[in-house]
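Some notes on the structure that comes next.
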Amino acid sequence: MEVFVVGGSSLSHPTTLISVHNFSSSSTPPLSPSLFPNKNSNNRRGRLPSAWTKTESPKLASKGGAFLSPSRRAAIIELQEASDLASSLSRLEGKIQAQGLNIVLRHFGELRRWKDVIQLFDWMQKHGKVNVASYSSFIKYMGKSLNPTKALEVYNGIQDDSIRRNVSVCNSILGCMIKNGKFESSIKLFDQMKKDGLTPDEVTYSTLLSGCIKVKDGFTKATRLIRELESNGLEMDSVIYGTLLAICASHKLCEEAEMYFQKMKDRGFSPNLFHYSSLLNAYSVDGNQMKADELIEDMKSAGLLPNKVILTTLLKVYVRGGLFEKSRKLLAELQALGHAEDEMPYCLLMDGLAKEGHISEAKTVFDETKAKGVKSDGYSYSIMISAYCRSELLEEAKQLAKDYEDNYDKYDLVMLNTLLRAYCNTGEMENVMEMLKKMDKLAISPDWNTFHILVKYFCKEKYYQLAYRTVEDMHNKGHPLDEELCSSLILQLAHVGESLKAFSVYNMLRYSKRNLSNSLHERMLKILVSAKHLKEAYVIMKDNAELISGSSLEKFMMSFMKLGNINMINDVVKAFHSSGRRVDAEVFHLAVTRYVSLPEKKELLLHLLQWMSGQGYILDSTSRNLLLKNSRMFGQHLIAETISKQFAASKNLGIQGTKR
């Protein structure tokens with residue numbers, strides 16, 4: 001059997017496709033807040049100056065291009081069209097300055113020619129032809145190209161303090177980090193920027209707020225930023241209100257979203273489609289159809305007509321509310337308006353039906369998408385395959401998975417996991433390995449779902465070594481382990497004689513999850529004692545004695561006294577006593593018996609006897625006789641004196657205990 005180790009590098013870029021695998025989240029794509037600039041600020045969102053006319057060359061359509069001399073304009077166009085950028089830059093060095101080079105930089109950026117962007121900017125830095133706009137534009141494009149490392153390298157290398165704390169440059173690097181999912185790092189950098197003299201503006205806070213949409217405790221973090229914004233004398237604008245509404249929707253805070261929506265209207269801002277869409281998204285959390293319909297009427301009365309995004313979000317509200325008849329009517333309306341050319345609205349209805357157990361109705365919608373030739377990215381397949389798996393219709397799931405592979409050559413993590421689950425459920429090992437190879441070839445890193453699917457499959461098929469290696473890889477990549485699944489694997493590994501690997505899984509699980517069930521500790525102790533791995537069993541006893549039954553602990557103690565490392569006997573006895581339990585006389589007898597058999601352990605024996613005296617323990621007659629019989633090996637007088645002191649000390653401790 002071919003062995004395939006789960007791995008793969010991280011994604012080179014996040015998928016732009018919207019996962020419909022779980023429609024409980026606010027997955028309907030909102031309109032970008034940048035489409036709706038503050039009504040009082042025409043240029044702060046990056047609009048081109050009005051001096052630029054439509055007669056200008058499209059290659060020069062960038063800020064400042066209208067004011068260049070003909071020779072410099074010619075130089076810019078030559079650079080934009082150069083097949084050998086380095087050679088052209090060398091030849092035109094004296095004819096073009098930072099302003100013109102910035103135009104070329106933005107031209108390359110808008111065309112997503114990232115290598116040319118980096119090459120040009122590096123040349124500009126080397127020849128001292130950079131300004132604030134150069135840094136701001138370059139960092140912005142590094143964010144778009146998903147290269148935050150290069151952006152940070154450039155920002156950290158800025159020597160001119162006035163540029164380093166320029167608000168435009170700072171906003172660019174913060175936006176770059178937010179875009180690349182580095183919210184916490186961006187907050188730390190923001191705090192350092194303020195210490196270095198940055199005076200943040202509304203765009204700064206708007207940028208940081210956008211990062212709160214998808215992070216844990218995002219709403220709490222957003223409210224802190226809003227308080228700081230207001231304490232700095234800045235005012236919230238329509239863009240910031242829109243971002244707050246999106247944050248509330250993504251964190252399922254419907255009442256808070258309503259509050260901000262009303263507050264925005266009270267402050268004189270007219271809601272636009274983005275604001276309505278975000279609040280509608282909040283209503284979709286619990287399928288609040290009544291409020292959603294009222295909001296649509298409010299929007300129409302304000303002179304705004306529902307667009308594709310609004311209607312699709314409304315469809316999600318109906319589906320989440322279980323209003324499938326209304327959902328079908330709205331889907332028909334979307335079709336009539338030409339807004340159902342892609343699979344998104346169909347997937348919303350299909351997913352809702354499937355999760356409510358209406359598999360045949362969901363399949364009818366699925367078949368409709370195929371019959372109508374609806375543009376699909378494969379997510380309709382993902383929904384139906386998952387639905388079949390949940391309903392134990394495994395052959396149907398497998399057949400649909402193969403149908404997808406025959407008709408599509410487009411894979412992302414969600415789709416690969418879906419296909420993987422289908423093949424695992426039906427025991428198609430060859431197809432499972434093929435999915436893993438595709439994942440590796442496409443450099444798509446497995447997520448928690450991937451690992452969980454594989455571990456469950458390997459356990460079911462009794463590939464315990466593969467299951468163990470997968471759990472190990474999962475743990476090394478920082479994914480939390482599932483206790484139920486790992487507990488099952490621990491028992492199965494123990495059953496096939498792999499108790500130490502079972503212990504390794506136990507330790508990974510303990511590290512991954514703070515609160516484990518009490519029974520797992522005892523189960524692991526029993527496995528190790530049975531396999532005579534007593535040193536490892538001691539670790540469990542020492543850390544979890546209070547959670548383990550007395551009978552299991554006593555069995556461990558007896559086993560350790562008989563077979564455990566003699567150099568650890570005293571430590572084991574002390575740890576057991578420290579757990580609040582009294583050590584049985586038979587345990588001491590076994591310990592003495594072990595020590596008597598090895599006279600070179602004299603010091604350990606004497607130390608144990610002295611400790612017993614201090615804790616009120618006394619040897620039983622059998623143990624005393626054994627010691628006295630072999631006292632010549634340990635020092636006859638010393639043994640007699642120690643036993644005498646032990647008896648006297650235990651008697652005194654008993655009297656003191658009575659007085660208490």
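Glycine too: its Cβ is placed from the backbone N, Cα and C atoms.
Small disclaimer: the values here were computed from a predicted structure and weren't measured.
TrEMBL lists 24-37 with the feature compositional bias 'Low complexity'.
The region 'Disordered' annotation in TrEMBL covers 24-57.
Sequence annotations record features per position, and here TrEMBL assigns repeat 'PPR' to 166-200 (among others). Across the repeat 'PPR' (166-200), DSSP assigns 26 helix, 0 strand, 9 coil.
Proximity of distant same-chain residues to the repeat 'PPR' (201-236), defined by a Cβ-Cβ separation under 8 Å and at least 6 residues beyond the stretch ends, is recorded for 33, 38, 44-45, 167, 170-171, 174-175, 178, 181, 183-184, 186-187, 190, 243-244, 246-248, 250-251, 253, 256, 264, 267. As annotated by TrEMBL, repeat 'PPR' applies to 201-236 (among others).
Look at TrEMBL and you will find 237-271 (among others) tagged as repeat 'PPR'.
Remark: secondary structure over the repeat 'PPR' (272-306) totals 24 helix, 0 strand, 11 coil, with classes taken from DSSP. The repeat 'PPR' annotation in TrEMBL covers 272-306 (among others).
As annotated by TrEMBL, repeat 'PPR' applies to 342-376 (among others). With a cut-off of 8 Å between Cβ atoms, the residues of this chain six or more beyond the repeat 'PPR' (342-376) that come close are 18, 20, 23, 28, 312, 315-316, 319-320, 322, 324, 327-328, 331, 334, 383-384, 386-388, 390-391, 393.
For 377-407 (among others), the entry in TrEMBL reads repeat 'PPR'. Across the repeat 'PPR' (377-407), mean pLDDT in this model comes to 88.
Taken from TrEMBL, the feature repeat 'PPR' covers 412-446 (among others). For the repeat 'PPR' (412-446), the number of residues in each DSSP class (helix H, G, I; strand E, B; coil) is 26 helix, 0 strand, 9 coil.
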